[in-house]
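This structure is in C-alpha coordinates; I'll ask about it shortly.
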Amino acid sequence: MTDATVHPLYETYNRAALRFERGEGIWLITDKGERYLDFAAGIAVNALGHNHPHLVTALKDQADKLWHVSNIYEVPGQEKLAKRLTENTFADRVFFTNSGAEALECAIKTARRYHFVNGQPERYRIITFDGAFHGRTLATIAATGQEKYLEGFGPKVDGFDQVPFGDEEALKAAVTNETAGILLEPVQGEGGLRPFTDEMLRAIRQLCDDNGILLIMDEVQSGVGRTGRMFAHEWAGITPDIMAIAKGIGGGFPLGACLATAEASKGMTAGTHGTTYGGNPLAMAVGNAVLDVMLDDEFLPHVQKIALILKQGFASLIDRFPNIVSEVRGRGLLIGLKCVVPNTMLLQAVRDEHMLAVTAGDNVLRLLPPLVTTEEEAREALKRLETAVERLSVANPVKTA
Ligand SMILES: *Cc1c(COP(=O)(O)O)cnc(C)c1O
(Lines of atoms letter the chains of each structure in order from A and count residues from 1; the text may use other names and numbers.)
(Lines give C-alpha, C1' and ligand atoms only; values in the text may rest on other atoms or scores of the structure.)
Protein backbone atom coordinates (compact mmCIF):
# COMPACT_ATOMS: atom_id res chain seq x y z
CA MET A 1 0.00 0.00 0.00
CA THR A 2 1.42 3.38 -1.03
CA ASP A 3 -0.76 5.67 1.06
CA ALA A 4 -2.27 4.42 4.33
CA THR A 5 -4.68 7.39 4.51
CA VAL A 6 -6.49 6.24 1.37
CA HIS A 7 -9.74 4.33 1.94
CA PRO A 8 -9.22 0.80 0.61
CA LEU A 9 -12.46 0.75 -1.40
CA TYR A 10 -13.13 2.37 -4.77
CA GLU A 11 -15.00 5.57 -4.16
CA THR A 12 -17.75 4.66 -6.63
CA TYR A 13 -20.46 4.89 -3.98
CA ASN A 14 -21.53 7.76 -1.76
CA ARG A 15 -22.29 5.45 1.12
CA ALA A 16 -24.61 6.25 4.01
CA ALA A 17 -22.94 5.84 7.40
CA LEU A 18 -25.04 2.81 8.32
CA ARG A 19 -23.56 -0.59 9.09
CA PHE A 20 -26.04 -3.40 9.12
CA GLU A 21 -25.16 -6.54 10.96
CA ARG A 22 -28.32 -8.64 10.83
CA GLY A 23 -31.66 -8.88 9.11
CA GLU A 24 -35.02 -10.23 10.25
CA GLY A 25 -37.87 -10.18 7.73
CA ILE A 26 -38.37 -6.58 6.67
CA TRP A 27 -36.01 -5.28 9.35
CA LEU A 28 -32.30 -4.50 9.22
CA ILE A 29 -30.38 -4.13 12.46
CA THR A 30 -27.24 -1.99 12.72
CA ASP A 31 -24.08 -2.74 14.66
CA LYS A 32 -25.51 -0.38 17.32
CA GLY A 33 -28.68 -2.45 17.60
CA GLU A 34 -30.91 0.09 15.82
CA ARG A 35 -33.75 -1.38 13.77
CA TYR A 36 -34.55 -0.03 10.30
CA LEU A 37 -37.67 -0.87 8.35
CA ASP A 38 -36.19 -1.95 5.03
CA PHE A 39 -38.20 -0.64 2.08
CA ALA A 40 -35.09 -0.66 -0.11
CA ALA A 41 -34.65 -4.46 0.08
CA GLY A 42 -31.15 -4.40 -1.40
CA ILE A 43 -32.72 -2.56 -4.35
CA ALA A 44 -35.45 -5.11 -5.09
CA VAL A 45 -33.21 -8.06 -4.27
CA ASN A 46 -34.46 -9.24 -0.86
CA ALA A 47 -37.87 -10.18 -2.24
CA LEU A 48 -38.57 -12.48 0.71
CA GLY A 49 -37.01 -10.16 3.26
CA HIS A 50 -33.94 -11.01 5.30
CA ASN A 51 -33.09 -14.31 6.88
CA HIS A 52 -36.09 -16.13 5.43
CA PRO A 53 -36.06 -19.56 7.12
CA HIS A 54 -36.80 -21.53 3.94
CA LEU A 55 -33.96 -19.80 2.05
CA VAL A 56 -31.53 -20.16 4.95
CA THR A 57 -32.22 -23.89 5.18
CA ALA A 58 -31.88 -24.39 1.43
CA LEU A 59 -28.52 -22.59 1.36
CA LYS A 60 -27.16 -24.38 4.45
CA ASP A 61 -28.21 -27.79 3.16
CA GLN A 62 -26.55 -27.17 -0.18
CA ALA A 63 -23.44 -25.75 1.53
CA ASP A 64 -22.97 -29.11 3.23
CA LYS A 65 -23.07 -30.96 -0.10
CA LEU A 66 -21.51 -29.10 -3.00
CA TRP A 67 -20.64 -25.47 -3.71
CA HIS A 68 -19.37 -25.38 -7.22
CA VAL A 69 -19.03 -27.53 -10.30
CA SER A 70 -18.18 -26.44 -13.80
CA ASN A 71 -20.87 -26.05 -16.42
CA ILE A 72 -19.09 -28.77 -18.39
CA TYR A 73 -21.13 -31.17 -16.18
CA GLU A 74 -24.88 -31.56 -15.77
CA VAL A 75 -26.25 -29.53 -12.86
CA PRO A 76 -29.59 -30.92 -11.60
CA GLY A 77 -30.48 -27.72 -9.71
CA GLN A 78 -30.26 -25.78 -12.99
CA GLU A 79 -32.54 -28.22 -14.76
CA LYS A 80 -35.07 -28.00 -11.94
CA LEU A 81 -35.06 -24.19 -11.79
CA ALA A 82 -35.11 -23.85 -15.59
CA LYS A 83 -38.06 -26.23 -15.82
CA ARG A 84 -40.01 -24.22 -13.26
CA LEU A 85 -39.14 -20.91 -14.93
CA THR A 86 -40.17 -22.13 -18.36
CA GLU A 87 -43.38 -23.73 -17.03
CA ASN A 88 -44.35 -20.37 -15.59
CA THR A 89 -43.36 -18.10 -18.48
CA PHE A 90 -43.34 -17.74 -22.27
CA ALA A 91 -39.81 -19.17 -22.37
CA ASP A 92 -38.50 -22.54 -23.51
CA ARG A 93 -34.87 -22.16 -22.44
CA VAL A 94 -32.81 -20.54 -19.70
CA PHE A 95 -29.19 -19.49 -19.30
CA PHE A 96 -28.13 -18.75 -15.71
CA THR A 97 -25.86 -15.84 -14.77
CA ASN A 98 -24.67 -14.16 -11.57
CA SER A 99 -26.10 -10.70 -12.15
CA GLY A 100 -28.56 -8.59 -14.06
CA ALA A 101 -25.99 -7.09 -16.42
CA GLU A 102 -24.75 -10.55 -17.37
CA ALA A 103 -28.33 -11.66 -18.04
CA LEU A 104 -28.69 -8.61 -20.31
CA GLU A 105 -25.41 -9.40 -22.07
CA CYS A 106 -26.74 -12.89 -22.77
CA ALA A 107 -30.05 -11.41 -24.00
CA ILE A 108 -28.27 -9.04 -26.39
CA LYS A 109 -25.99 -11.80 -27.68
CA THR A 110 -28.99 -14.13 -28.12
CA ALA A 111 -30.82 -11.51 -30.23
CA ARG A 112 -27.79 -10.84 -32.42
CA ARG A 113 -27.06 -14.55 -32.92
CA TYR A 114 -30.68 -15.20 -33.90
CA HIS A 115 -30.36 -12.91 -36.90
CA PHE A 116 -26.85 -14.14 -37.62
CA VAL A 117 -27.98 -17.77 -37.96
CA ASN A 118 -30.94 -16.56 -40.02
CA GLY A 119 -28.41 -15.24 -42.53
CA GLN A 120 -28.88 -11.60 -41.59
CA PRO A 121 -25.73 -10.67 -39.64
CA GLU A 122 -26.33 -6.99 -40.48
CA ARG A 123 -29.25 -7.03 -38.07
CA TYR A 124 -27.40 -6.44 -34.84
CA ARG A 125 -28.75 -3.11 -33.60
CA ILE A 126 -30.94 -2.87 -30.50
CA ILE A 127 -33.39 -0.04 -29.85
CA THR A 128 -33.66 1.18 -26.23
CA PHE A 129 -35.57 3.99 -24.50
CA ASP A 130 -34.32 7.02 -22.68
CA GLY A 131 -34.46 6.78 -18.90
CA ALA A 132 -33.46 3.11 -19.22
CA PHE A 133 -31.03 1.29 -16.97
CA HIS A 134 -29.60 -2.02 -18.13
CA GLY A 135 -26.39 -2.43 -16.11
CA ARG A 136 -22.75 -1.38 -15.88
CA THR A 137 -20.86 -3.53 -18.37
CA LEU A 138 -19.59 -1.86 -21.53
CA ALA A 139 -22.49 -3.13 -23.64
CA THR A 140 -25.16 -2.46 -21.03
CA ILE A 141 -24.02 1.13 -20.42
CA ALA A 142 -24.31 1.61 -24.18
CA ALA A 143 -27.83 0.13 -24.01
CA THR A 144 -28.60 2.40 -21.04
CA GLY A 145 -27.42 5.29 -23.18
CA GLN A 146 -27.06 7.90 -20.42
CA GLU A 147 -24.02 10.13 -20.58
CA LYS A 148 -23.42 9.89 -16.82
CA TYR A 149 -22.70 6.16 -17.13
CA LEU A 150 -20.74 6.40 -20.41
CA GLU A 151 -18.44 9.36 -19.79
CA GLY A 152 -14.76 8.52 -19.72
CA PHE A 153 -15.12 4.87 -20.61
CA GLY A 154 -13.98 5.13 -24.20
CA PRO A 155 -15.99 4.63 -27.36
CA LYS A 156 -19.58 3.61 -26.69
CA VAL A 157 -20.20 0.01 -27.79
CA ASP A 158 -21.83 0.19 -31.20
CA GLY A 159 -25.25 -1.17 -31.96
CA PHE A 160 -27.64 0.69 -29.65
CA ASP A 161 -30.14 3.30 -30.80
CA GLN A 162 -32.16 5.22 -28.26
CA VAL A 163 -35.59 6.74 -28.68
CA PRO A 164 -37.61 9.01 -26.35
CA PHE A 165 -39.62 7.13 -23.71
CA GLY A 166 -43.12 6.19 -24.82
CA ASP A 167 -42.78 7.85 -28.25
CA GLU A 168 -44.36 5.37 -30.66
CA GLU A 169 -43.68 7.42 -33.79
CA ALA A 170 -39.99 7.85 -32.95
CA LEU A 171 -39.79 4.13 -32.25
CA LYS A 172 -41.29 3.20 -35.62
CA ALA A 173 -38.93 5.62 -37.35
CA ALA A 174 -35.94 4.06 -35.57
CA VAL A 175 -36.61 0.54 -36.91
CA THR A 176 -34.34 -0.19 -39.88
CA ASN A 177 -33.24 -3.33 -41.68
CA GLU A 178 -30.30 -3.44 -39.23
CA THR A 179 -32.57 -3.69 -36.17
CA ALA A 180 -32.26 -6.95 -34.23
CA GLY A 181 -34.52 -6.16 -31.31
CA ILE A 182 -36.23 -3.70 -29.00
CA LEU A 183 -35.09 -3.75 -25.38
CA LEU A 184 -37.16 -2.25 -22.58
CA GLU A 185 -38.04 -2.36 -18.90
CA PRO A 186 -41.86 -2.69 -18.65
CA VAL A 187 -41.55 -0.40 -15.63
CA GLN A 188 -38.37 1.67 -15.63
CA GLY A 189 -36.75 1.29 -12.21
CA GLU A 190 -33.73 3.58 -11.97
CA GLY A 191 -35.38 5.91 -14.48
CA GLY A 192 -38.09 6.95 -12.02
CA LEU A 193 -40.65 4.13 -11.94
CA ARG A 194 -42.08 4.94 -15.34
CA PRO A 195 -44.34 2.15 -16.63
CA PHE A 196 -45.01 1.62 -20.32
CA THR A 197 -48.77 1.62 -20.85
CA ASP A 198 -50.27 -1.76 -21.69
CA GLU A 199 -51.35 -0.33 -25.06
CA MET A 200 -47.80 0.78 -25.83
CA LEU A 201 -46.42 -2.66 -24.94
CA ARG A 202 -48.95 -4.29 -27.23
CA ALA A 203 -48.07 -1.86 -30.01
CA ILE A 204 -44.37 -2.64 -29.54
CA ARG A 205 -45.08 -6.38 -29.69
CA GLN A 206 -46.96 -5.83 -32.95
CA LEU A 207 -44.14 -3.67 -34.34
CA CYS A 208 -41.67 -6.47 -33.59
CA ASP A 209 -43.87 -9.09 -35.26
CA ASP A 210 -44.43 -6.92 -38.33
CA ASN A 211 -40.69 -6.41 -38.78
CA GLY A 212 -39.29 -9.79 -37.74
CA ILE A 213 -37.44 -8.30 -34.77
CA LEU A 214 -37.15 -9.62 -31.23
CA LEU A 215 -38.76 -8.11 -28.17
CA ILE A 216 -36.36 -8.21 -25.22
CA MET A 217 -37.65 -7.45 -21.73
CA ASP A 218 -35.37 -6.32 -18.94
CA GLU A 219 -37.29 -7.58 -15.91
CA VAL A 220 -34.28 -7.53 -13.62
CA GLN A 221 -36.10 -5.15 -11.27
CA SER A 222 -39.77 -5.51 -12.30
CA GLY A 223 -39.81 -9.31 -12.43
CA VAL A 224 -40.20 -12.19 -10.00
CA GLY A 225 -43.41 -11.01 -8.34
CA ARG A 226 -42.43 -7.37 -7.82
CA THR A 227 -45.41 -5.83 -9.63
CA GLY A 228 -47.96 -8.33 -8.36
CA ARG A 229 -47.63 -10.63 -11.37
CA MET A 230 -44.75 -13.05 -11.80
CA PHE A 231 -43.46 -10.75 -14.55
CA ALA A 232 -44.58 -7.20 -15.26
CA HIS A 233 -45.18 -7.76 -18.98
CA GLU A 234 -48.00 -10.18 -18.09
CA TRP A 235 -50.19 -7.19 -17.19
CA ALA A 236 -50.23 -6.20 -20.87
CA GLY A 237 -51.15 -9.71 -22.03
CA ILE A 238 -48.09 -9.98 -24.25
CA THR A 239 -44.92 -12.04 -24.18
CA PRO A 240 -41.36 -11.12 -25.13
CA ASP A 241 -38.98 -13.33 -27.11
CA ILE A 242 -36.13 -12.89 -24.65
CA MET A 243 -36.12 -11.76 -21.01
CA ALA A 244 -33.39 -10.90 -18.52
CA ILE A 245 -34.10 -11.43 -14.84
CA ALA A 246 -32.01 -11.24 -11.65
CA LYS A 247 -32.44 -9.44 -8.29
CA GLY A 248 -35.55 -11.06 -6.73
CA ILE A 249 -34.94 -14.55 -8.14
CA GLY A 250 -31.91 -14.98 -5.88
CA GLY A 251 -33.52 -13.40 -2.81
CA GLY A 252 -30.06 -12.03 -1.93
CA PHE A 253 -27.86 -14.69 -3.48
CA PRO A 254 -26.19 -13.45 -6.71
CA LEU A 255 -28.33 -14.98 -9.45
CA GLY A 256 -29.61 -13.89 -12.81
CA ALA A 257 -31.01 -15.60 -15.87
CA CYS A 258 -31.72 -15.03 -19.53
CA LEU A 259 -34.93 -16.68 -20.70
CA ALA A 260 -35.89 -17.13 -24.33
CA THR A 261 -38.17 -18.99 -26.67
CA ALA A 262 -36.66 -21.96 -28.52
CA GLU A 263 -36.82 -19.94 -31.74
CA ALA A 264 -35.11 -16.81 -30.36
CA SER A 265 -32.36 -18.86 -28.70
CA LYS A 266 -31.68 -21.15 -31.63
CA GLY A 267 -28.35 -19.48 -32.42
CA MET A 268 -26.93 -20.09 -28.94
CA THR A 269 -25.32 -23.42 -29.71
CA ALA A 270 -22.49 -25.25 -27.93
CA GLY A 271 -19.47 -23.04 -27.45
CA THR A 272 -21.15 -19.73 -28.29
CA HIS A 273 -21.55 -18.54 -24.70
CA GLY A 274 -20.50 -19.56 -21.21
CA THR A 275 -19.93 -18.64 -17.60
CA THR A 276 -17.81 -20.04 -14.78
CA TYR A 277 -20.15 -19.34 -11.88
CA GLY A 278 -23.55 -18.93 -13.52
CA GLY A 279 -25.97 -21.60 -12.33
CA ASN A 280 -23.76 -22.61 -9.43
CA PRO A 281 -25.38 -25.20 -7.09
CA LEU A 282 -25.62 -22.75 -4.18
CA ALA A 283 -27.44 -20.21 -6.37
CA MET A 284 -29.72 -22.92 -7.75
CA ALA A 285 -30.66 -24.11 -4.26
CA VAL A 286 -31.65 -20.58 -3.28
CA GLY A 287 -33.41 -19.79 -6.58
CA ASN A 288 -35.50 -22.94 -6.25
CA ALA A 289 -36.30 -22.06 -2.64
CA VAL A 290 -37.46 -18.58 -3.72
CA LEU A 291 -39.83 -20.19 -6.23
CA ASP A 292 -41.11 -22.65 -3.60
CA VAL A 293 -42.47 -19.62 -1.77
CA MET A 294 -43.53 -17.50 -4.74
CA LEU A 295 -45.36 -20.18 -6.70
CA ASP A 296 -47.86 -20.57 -3.85
CA ASP A 297 -51.30 -19.42 -5.06
CA GLU A 298 -51.59 -16.93 -2.22
CA PHE A 299 -48.32 -15.15 -2.92
CA LEU A 300 -49.08 -12.78 -5.80
CA PRO A 301 -52.54 -11.77 -4.49
CA HIS A 302 -50.77 -10.82 -1.26
CA VAL A 303 -48.32 -8.60 -3.17
CA GLN A 304 -51.26 -6.92 -4.91
CA LYS A 305 -53.05 -6.33 -1.62
CA ILE A 306 -50.01 -4.72 0.02
CA ALA A 307 -49.42 -2.63 -3.11
CA LEU A 308 -52.97 -1.28 -2.89
CA ILE A 309 -52.57 -0.32 0.76
CA LEU A 310 -49.37 1.57 -0.01
CA LYS A 311 -50.82 3.24 -3.07
CA GLN A 312 -53.81 4.50 -1.10
CA GLY A 313 -51.52 5.72 1.66
CA PHE A 314 -49.33 7.54 -0.85
CA ALA A 315 -52.37 9.14 -2.50
CA SER A 316 -53.45 10.49 0.87
CA LEU A 317 -49.96 11.93 1.48
CA ILE A 318 -50.13 13.70 -1.88
CA ASP A 319 -53.53 15.20 -0.97
CA ARG A 320 -52.29 16.46 2.36
CA PHE A 321 -48.73 17.47 1.49
CA PRO A 322 -48.70 18.68 -2.12
CA ASN A 323 -45.73 20.88 -1.20
CA ILE A 324 -43.62 17.73 -0.61
CA VAL A 325 -44.92 14.95 -2.89
CA SER A 326 -46.92 15.20 -6.10
CA GLU A 327 -47.51 11.83 -7.74
CA VAL A 328 -47.60 8.06 -7.13
CA ARG A 329 -45.38 6.22 -9.58
CA GLY A 330 -44.88 2.60 -10.60
CA ARG A 331 -46.76 -0.65 -10.37
CA GLY A 332 -47.28 -3.16 -7.56
CA LEU A 333 -44.44 -3.01 -5.06
CA LEU A 334 -42.20 -1.25 -7.56
CA ILE A 335 -43.64 1.99 -6.32
CA GLY A 336 -42.52 5.52 -5.63
CA LEU A 337 -43.39 9.10 -4.91
CA LYS A 338 -42.49 11.91 -7.23
CA CYS A 339 -41.09 14.61 -4.96
CA VAL A 340 -41.55 18.36 -4.97
CA VAL A 341 -38.57 18.84 -2.64
CA PRO A 342 -35.32 17.12 -3.69
CA ASN A 343 -35.80 13.33 -3.37
CA THR A 344 -32.54 13.12 -1.40
CA MET A 345 -34.13 15.36 1.24
CA LEU A 346 -37.12 13.03 1.62
CA LEU A 347 -34.80 10.01 1.64
CA GLN A 348 -32.89 11.50 4.59
CA ALA A 349 -36.11 12.42 6.41
CA VAL A 350 -37.33 8.84 5.97
CA ARG A 351 -34.00 7.48 7.24
CA ASP A 352 -34.36 9.72 10.28
CA GLU A 353 -37.54 7.70 10.97
CA HIS A 354 -35.44 4.53 10.76
CA MET A 355 -36.89 3.51 7.44
CA LEU A 356 -34.92 2.74 4.26
CA ALA A 357 -35.86 3.67 0.70
CA VAL A 358 -33.89 4.55 -2.44
CA THR A 359 -33.92 7.42 -4.87
CA ALA A 360 -34.70 7.02 -8.56
CA GLY A 361 -34.43 9.31 -11.58
CA ASP A 362 -36.93 12.10 -12.23
CA ASN A 363 -36.78 13.15 -8.55
CA VAL A 364 -38.63 10.08 -7.32
CA LEU A 365 -38.33 8.37 -3.94
CA ARG A 366 -38.47 4.63 -4.67
CA LEU A 367 -39.96 2.13 -2.24
CA LEU A 368 -39.15 -1.52 -2.78
CA PRO A 369 -40.65 -3.41 0.14
CA PRO A 370 -39.91 -7.09 0.54
CA LEU A 371 -42.84 -8.91 -1.11
CA VAL A 372 -43.59 -10.63 2.20
CA THR A 373 -44.42 -7.32 3.93
CA THR A 374 -47.58 -7.78 6.00
CA GLU A 375 -50.52 -5.36 6.18
CA GLU A 376 -49.43 -4.27 9.62
CA GLU A 377 -45.87 -3.65 8.44
CA ALA A 378 -47.15 -1.69 5.43
CA ARG A 379 -49.14 0.55 7.81
CA GLU A 380 -46.08 1.01 10.00
CA ALA A 381 -44.12 2.07 6.90
CA LEU A 382 -46.84 4.54 5.93
CA LYS A 383 -46.77 5.98 9.44
CA ARG A 384 -43.02 6.54 9.28
CA LEU A 385 -43.25 7.99 5.80
CA GLU A 386 -46.00 10.34 6.92
CA THR A 387 -43.96 11.55 9.89
CA ALA A 388 -41.04 12.24 7.56
CA VAL A 389 -43.20 14.10 5.04
CA GLU A 390 -44.95 16.07 7.77
CA ARG A 391 -41.64 17.17 9.25
CA LEU A 392 -40.43 18.35 5.84
CA SER A 393 -43.73 20.11 5.31
CA VAL A 394 -43.28 22.18 8.46
CA ALA A 395 -39.82 23.14 7.21
CA ASN A 396 -41.10 23.85 3.68
CA PRO A 397 -44.56 25.45 4.05
CA VAL A 398 -46.77 25.88 1.00
CA LYS A 399 -46.01 29.21 -0.62
CA THR A 400 -49.18 31.24 -1.04
CA ALA A 401 -49.33 34.07 -3.56
C1 LIG B 1 -30.23 -3.67 -11.37
C2 LIG B 1 -30.61 -3.69 -12.79
C3 LIG B 1 -29.74 -4.15 -13.80
C4 LIG B 1 -28.33 -4.57 -13.50
O5 LIG B 1 -28.25 -5.63 -12.63
P6 LIG B 1 -26.83 -5.99 -11.90
O7 LIG B 1 -27.13 -7.22 -11.13
O8 LIG B 1 -26.49 -4.81 -11.05
O9 LIG B 1 -25.84 -6.19 -12.98
C10 LIG B 1 -30.21 -4.20 -15.09
N11 LIG B 1 -31.44 -3.81 -15.39
C12 LIG B 1 -32.31 -3.34 -14.48
C13 LIG B 1 -33.68 -2.95 -14.89
C14 LIG B 1 -31.92 -3.25 -13.15
O15 LIG B 1 -32.77 -2.76 -12.24
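Placed from the backbone N, Cα and C atoms, the Cβ positions cover glycine too.
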Which single residue out of Phe133, Phe299, Phe314 does TrEMBL record at the pyridoxal 5'-phosphate site shared with Gly100, Ala101, Asp218, Glu219, Val220, Gln221, Thr276?
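Same pyridoxal 5'-phosphate site in TrEMBL: Phe133.
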Three-state secondary structure of Ala101 (pyridoxal 5'-phosphate binding site) from DSSP?
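The three-state answer is helix.
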Identify, among the binding-site residues Ala101, Val220, the residue whose Cβ has the fewest other Cβ atoms within 10 Å in this structure.
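Per-residue Cβ counts within 10 Å for the binding-site residues Ala101, Val220 bottom out at Ala101.
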Name the one residue among Ala101, Phe133, Val220, Lys247 whose Cα is closest in three-dimensional space to that of Thr275 (N(2)-acetyl-L-ornithine binding site); these are the recorded positions.
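Going through Ala101, Phe133, Val220, Lys247 one by one, the Cα closest to that of Thr275 (N(2)-acetyl-L-ornithine binding site) is Ala101.
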Quick check on the recorded positions Arg136, Lys247: which one has the highest count of other Cβ atoms within 10 Å of its Cβ?
Lys247
Measuring Cα to Cα, how many Å separate Gly100 (pyridoxal 5'-phosphate binding site) from Arg136 (N(2)-acetyl-L-ornithine binding site)?
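A Cα-Cα distance of 9 Å.
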From Phe133, Asp218, Glu219, Gln221, Thr276, which binding-site residues have a C-beta atom under 6 Å away from some atom of ligand 1?
Phe133, Asp218, Gln221
At 10 angstroms around each C-beta, which of the binding-site residues Gln221, Thr276 has the fewest other C-beta atoms nearby?
Thr276
